């Protein structure tokens, strides 16, 4: 990527329109500042004075008649929109017609604040082929710019302008700028420098205090403002008689400018700080500018960009101004039909319009049956394609490989999986890429396609009617789903996989024997990617590219001038896809390789650790001194004394007595130190142990985490995905160690640029264009076949009229039967309700009309881009049903009564469930309708039919289009979708002769007929003494492949089902175990409850017995008490009798 987001120029260097580019007139040019003056005091004289024009010498300074008209129009518009507080520009002198018309003048750089403000048209979108090739040599980026910018950074010796342009303080002329100052910059571009744009001169613009003021009025779009000439630094440029406007202005160009309405006064575009902007040059013809990167082909874009909304806003603002003016001119009066506040509140909300996607249709606008192409034809077709200097011819052999009778079939599932460079292949690759006898006369290259299955293509790109809404909203263009395996040389250089022909390895005579170059392709593909293409059964020769190579020296030998032919093959690589069982075997092999690698790394790490420990132990043995308590210096030998002194880093020289004294002194010092350390050690031992443990734990955790991350990274590289794919092992040593492989979609390959100026990138881009054209032709032919099979539109109308007449007759008969029957009693009340409902509906319609008046005014001026074909279709249906409205009004009461009886059935009829029955036709339309608008315009569909190479006439195409076109649009969903009730869809196949259009009517050479007659018997070959029909074998092979794919799919479904059943069985077993455990617990609890019951029953019996015993004892006690009481009563009675007797006796 370049420094500025993929472009070589910074943002300020690419702000040019299609007819306006920035180019300095000369080096060292200074633009006079207009910042010092206020917009309120500008006049035409001051503007002319700023431009270097005065009225003292009118003979030398005269404008053309068209310029005078522009100045007068500016004065009129400015007076019309004048305000009381603002002074506008005024024309104070009459300009005369010049004596000589200026035809060719150099362009003048205008500040954008004073230049035209006409809205710039958006880039037109066709097939997104870029600028014409004729201007490629002139579209190189300009090396020098003169502009104004703001200082964003400033250091001691250098600074930056607009964050992109580097300047040194030595390049500053005059006053040193500060951060935020506006400066005039002269910069040059150098791609070899760290900062691509370097300023040669910097000059601070004066009047910085007024640079932040905003203009009070916007300059009208139709006025060309006075021109400010550029001057050199410090020197005022002398005006010249023939360089007043420095632009070619014609009378034809002034007419639309004068007719353009001015912009509103109070709406100002938001400007940056200051009035001066990067200059814009006005020229009569497009000047060479740097080509911007083309937008993606398969993105949602419109042909006219945002012009329509701008025009619509202009019209609405113009109407608002006209209404305000009429209100200001007319006196205040009471409206005769003033709306009441209640009515204002009761107004129904404005109807929300359905959001229609932007119409985007792209296709190649040339005949797609061209078998060859030269330099000029390539330029005309692909204006964005870089063409190598040695190229001179290309043969498009795909036209013969995929004729109209046998087109290419999408939907063959295939995918690639690129392995990491550290992962080695399970099988050793013995293929040779560059043999010593490699001959550059022929090269064979392959383009390997990866594609989803047909069902996935339908669901992901077509938005089928039966799909859920979220899946329909996430559609993708088929060109994004079809992908190719390409080689990558460097960072962004795509290349086709292949190499040069070798006579010793591939065989001789490649021009006669087609199998020679196929062997070359197999060998080179095996060497570069590890893919064995020998399994492929069909090799389609897609294109041949020829280069004229001059004489050169290759590997020390001189190669004469020759023609190199590059053949691009398109094999059926999906036959190389491993089966499910083979894929499982490969997955186990790579897992085993991962285990072996991890074990080898672990052993290696353990061996290194043991060696380090051994080395450390030896060093410790040598360097560790003996403890002082174990030494007796007087009894030691001289050598032992010297070793101990050396281990303690002391001098070992001298006599024995000196050595003894030196060692004794050192031992005493060690003894004292050790005593001190023992005291301190006892205090710090506990703290050190805790710290060591925590540090060791942290190191261990960090080591384990790193090992786990490394293990997961290794597993991601070695573990294969679930779905089978062709494994790719790029040869990292090829192409000077810069080779890699990538899977890129067709849309990405089509989005090439002129900067892709490599020969191998040219081949890939050309193949992408040819493959896209092949798909366009096949899908276009599919549309053509469907149009042929449709009946004429008149037959449809007749059938519809007959069915309508029959329905009317049935309704009339039913109505007569209802009249004969007795009327219900409450019919009158029902009629009254119907009348009330009619009145309410009329009131609502009036309200809707009042609310939609403004919308109707805006919609009257809409052009074809604002035309909604879906609404047009509804309106057409309403016109067709207008005749039935009278009958419906008469039968309204009967229908309403009928609806009350059967409301559910009517609802079902109103919203039928749609189903896509013709998926192939839907995909054909969707390939062109990239934004899924649901329709194709008649002009686009007509051009698509012309590009098919069927040589159809306009009358034939018009007749076909009349079958399906409604108001200049073809709604293809009516052809592909139907309700579930009418799901039985039968297609009438057209004759084979009609499929070829008018090609059979063209004169054919006799040579081709003879070759065709000879080719009829090519399908029969002799093999082992028997005649073999290759065509039938291929058909059987295709059938067997389809059966195999279906069997594998069913097997996969069964495996998935088996896995699900295994999971359910496991869940059932787990639940059974849990239930059995619960059952055991319940039984245990039951046993305990039974034991408790027995204990409680025993206790109950004991209590009952005790209670009975207690009752018996109590009864005996009561009896005893009663007997005792009786005895006492008898004794008391006896005493009473005795006392009575004694009393009577006394």
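Cβ coordinates come from backbone N, Cα and C, glycine included.
What Swiss-Prot lists as coiled coil is 591-615 (among others).
Residues annotated as coiled coil in Swiss-Prot: 1029-1110 (among others).
The annotation compositional bias 'Acidic residues' is assigned in Swiss-Prot to 608-618 (among others).
Annotation comment: Swiss-Prot describes 853-884 (among others) as compositional bias 'Acidic residues'.
Taken from Swiss-Prot, the feature SUMO2 cross-link covers 1008 (among others), and the record attributes it to similarity to another entry.
Here Swiss-Prot flags 1063 (among others) as SUMO2 cross-link, drawing on similarity to another entry. Residue 1063 (SUMO2 cross-link) is surrounded by 10 other CB atoms, counting those within 10 A of its CB over all protein chains shown.
If you look up Swiss-Prot, you'll see 1131 (among others) marked as SUMO2 cross-link. DSSP assigns residue 1131 (SUMO2 cross-link) to a helical segment in the three-state reduction. Here residue 1131 (SUMO2 cross-link) comes close to no residue that lies at least six apart in sequence on the same chain with a C-beta under 8 angstroms from its C-beta.
According to Swiss-Prot, the feature domain 'SAP' maps to 633-667.
Per Swiss-Prot, the feature region 'Disordered' maps to 282-351 (among others).
According to Swiss-Prot, the feature region 'Disordered' maps to 599-635 (among others).
The region 'Disordered' annotation in Swiss-Prot covers 671-716 (among others). The residues of the region 'Disordered' (671-716), classed with DSSP into helix (H, G, I), strand (E, B) and coil, number 46 helix, 0 strand, 0 coil.
Annotation comment: Swiss-Prot describes 793-912 (among others) as region 'Disordered'.
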DSSP-derived helix, strand and coil totals, residue by residue, for the domain 'SAP' (633-667): 25 helix, 0 strand, 10 coil
